[in-house]
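Step one of this worksheet: look at the structure below.
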Ligand SMILES: NC(=O)C1=CN([C@@H]2O[C@H](COP(=O)(O)OP(=O)(O)OC[C@H]3O[C@@H](n4cnc5c(N)ncnc54)[C@H](OP(=O)(O)O)[C@@H]3O)[C@@H](O)[C@H]2O)C=CC1
Ligand SMILES: CC(C)CCC[C@@H](C)[C@H]1CC=C2C3=C(CC[C@@]21C)[C@@]1(C)CC[C@H](O)C[C@@H]1CC3
């Protein structure tokens with residue numbers, strides 16, 4: 001710690017701290033010296049160190065700042081626990097050092113403090129050693145980083161009152177109706193005879209017969225049960241989730257990739273056995289209706305049941321007290337039925353795998369109708385299968401997403417997972433099946449390249465962050481810039497994560513564009529997916545940005561100063 005000696009101001013600060021602490025010890029001999037300064041330090045902490053200070057300087061400055069702070073017995077108001085713990089360590093050391101210095105610098109001190117004994121002094125020395133070890137470790141870990149400046153301030157305080165997203169209860173209310181209406185409208189705008197979002201689709205005469213039947217119910221519930229069964233099979237890794245508010249971690253069975261393989265193999269067997277699998281496509285609207293009704297019913301059950309669980313199990317978002325908003329976002333964070341985690345299951349299994357199954361059944365139907373495999377339909381199906389296979393292969397990465405750790409399980413995710421994903425994300429294949437539109441190979445080749453570029457950006461950036469989170473000391477990060485944060489975690493500011501805040505979203509969007517390009521340029525509505533996705537990811541980036549700002553405070557600002565662009569380098 002060579003800088004310690006270099007700064008005369010800091011030495012003066014320490015001297016002041018010692019003399020104040022010594023006089024404190026004299027005047028109140030029976031009170032514990034190590035407890036009270038912690039709170040005082042918070043209320044009195046002077047201005048933050050200059051941006052150019054090193055990590056070591058800041059710790060030392062904090063020692064000087066917090067040491068001469070005696071009285072206030074109340075707890076500090078609102079700081080992150082890790083920040084509090086960090087400061088407490090620093091304050092404890094300072095106070096212990098002060099006591100030891102005062103005691104050992106002369107017998108005078110001991111004379112004024114009759115409760116002290118040699119054993120107490122020995123224990124203080126022991127504590128001092130321990131504290132100085134901790135402080136050295138802290139300084140070492142902060143100095144390892146090649147970022148010159150440490151985080152200067154604590155995360156922002158949380159606002160009072162409910163914090164609404166999606167434009168609050170009004171936005172949530174509108175979305176509850178708008179989302180299903182959009183799924184119906186967009187799909188109804190694509191029929192064999194015409195595919196245009198601008199022509200208002202006509203409603204069938206017999207509404208119920210066109211949109212509902214019991215066979216569709218059986219297919220839907222059979223599919224859900226089959227996927228639930230695969231999800232609870234004691235096969236595959238058991239992975240720890242993120243730490244919970246209530247303490248501990250939940251375990252998640254990760255066998256999604258196996259579920260995909262089994263489902264696709266099952267489809268192959270059904271085709272081989274000449275079972276009427278294309279019924280699934282014929283009953284597209286009926287299945288969509290069953291899934292929509294189920295999503296409403298399921299979200300109501302989730303909302304009601306969330307009132308019977310302990311408050312520790314509630315989500316940070318989705319507990320505003322407003323019925324509509326909470327129903328939309330979801331109150332309970334990780335509702336479970338036995339071994340089945342409902343949110344994790346719905347996010348990855350029935351909808352995501354159902355989407356790919358639907359795609360392949362459309363390929364089959366196209367073959368049955370035309371005797372050929374339309375190349376662009378096959379291509380987009382392969383692209384989407386790769387996307388879903390990737391999500392399931394890296395299934396445990398979902399455990400760190402805001403959907404799992406922040407949002408409750410309510411209508412938004414329920415409907416999104418079970419209706420929006422399978423019935424809207426399959427729009428391009430459905431258009432290609434309905435319209436019979438094809439493209440020559442020389443148009444398909446650049447589309448393959450675009451999809452591969454998108455996938456590469458998406459996968460490499462996601463893998464880089466996942467590895468960094470698991471093992472920040474991995475040699476691949478040795479020359480990379482990182483931003484330390486008060487939580488002890490660092491932010492990667494080099495590599496993919498030095499280009500923009502969300503390189504993974506960029507890759508995802510490029511893939512979305514490639515999927516739509518397989519449908520040519522004749523129909524705007526086949527571009528619905530990349531357009532909606534752009535809105536979703538911009539909004540999602542902003543939500544995540546807010547959450548990271550709250551989590552990491554000034555460190556996040558520092559990261560944002562270092563990495564200027566959000567999603568599109570040099571544009572946004
Ligand atoms: N197809 C679809 O409909 C959708 C797809 N997606 C895709 O899912 C994937 C996951 O997305 P999502 O969870 O939204 O977002 P991210 O994978 O970007 O995760 C965000 C979290 O990563 C951590 N983080 C952010 N920046 C850094 C950094 N510089 N260094 C280290 N950690 C950082 C933070 O968490 P912490 O610090 O706590 O680790 C942050 O909260 C993406 O690839 C996205 O494209 C997402 C939504 C919808
Ligand atoms: C329509 C609503 C306003 C929003 C619905 C959102 C959901 C469709 C998405 C929320 C987060 C999702 C994620 C994925 C699929 C879409 C939903 C459920 C992935 C599983 C897609 C594959 C990626 O590799 C991981 C994604 C995680 C988030």
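Here the Cβ of each residue, glycine as well, is placed from N, Cα and C on the backbone.
Per TrEMBL, the feature compositional bias 'Basic and acidic residues' maps to 1-18. As annotated by TrEMBL, region 'Disordered' applies to 1-91, 99-118. Marked as compositional bias 'Basic residues' by TrEMBL: 33-45. For 106-118, the entry in TrEMBL reads compositional bias 'Polar residues'. If you look up TrEMBL, you'll see 166-187, 207-233, 254-273, 285-304, 372-389, 409-427, 439-458, 512-537 marked as transmembrane segment.
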Same-chain residues at least 6 beyond the ends of the transmembrane segment (285-304) with CB under 8 Å of its CB atoms are 180, 183-184, 187-188, 210-213, 215-217, 219-220, 326-327, 330-332, 335, 342, 409-411, 414-415, 418-419, 422-423
Quickly jot the same-chain residues contacting the transmembrane segment (439-458) by Cβ under 8 Å, restricted to those at least six beyond its ends, or write none. 375-376, 379, 383, 386-387, 390, 496, 503-504, 506-515, 517-518, 520
For the transmembrane segment (166-187): best-contacting stretch of 207-233, 254-273, 372-389, 409-427, 512-537, by Cβ pairs under 8 Å: 409-427
The recorded stretch from 254-273, 372-389, 512-537 sharing the largest number of CB pairs under 8 A with the transmembrane segment (207-233) is 254-273
Most CB pairs under 8 Å with the transmembrane segment (372-389): which of 254-273, 409-427, 512-537? 512-537
Under 8 Å Cβ-Cβ from the transmembrane segment (254-273), and at least six residues away from its ends along the same chain, one finds 226-227, 230-231, 233, 235-239, 348-349, 353, 356-357, 360-361, 364, 388-389, 391-393, 395-396
Counting only residues at least 6 beyond its ends, the same-chain positions whose CB falls under 8 A of a CB in the transmembrane segment (409-427) are 166, 175-176, 179-180, 182-183, 186-187, 190, 284, 287-288, 291-292, 294-296, 298-299, 302-303, 315, 318, 326-335, 342-343, 346-347, 350-352, 354-355, 358-359, 362, 384, 403, 525-526, 528-529, 532
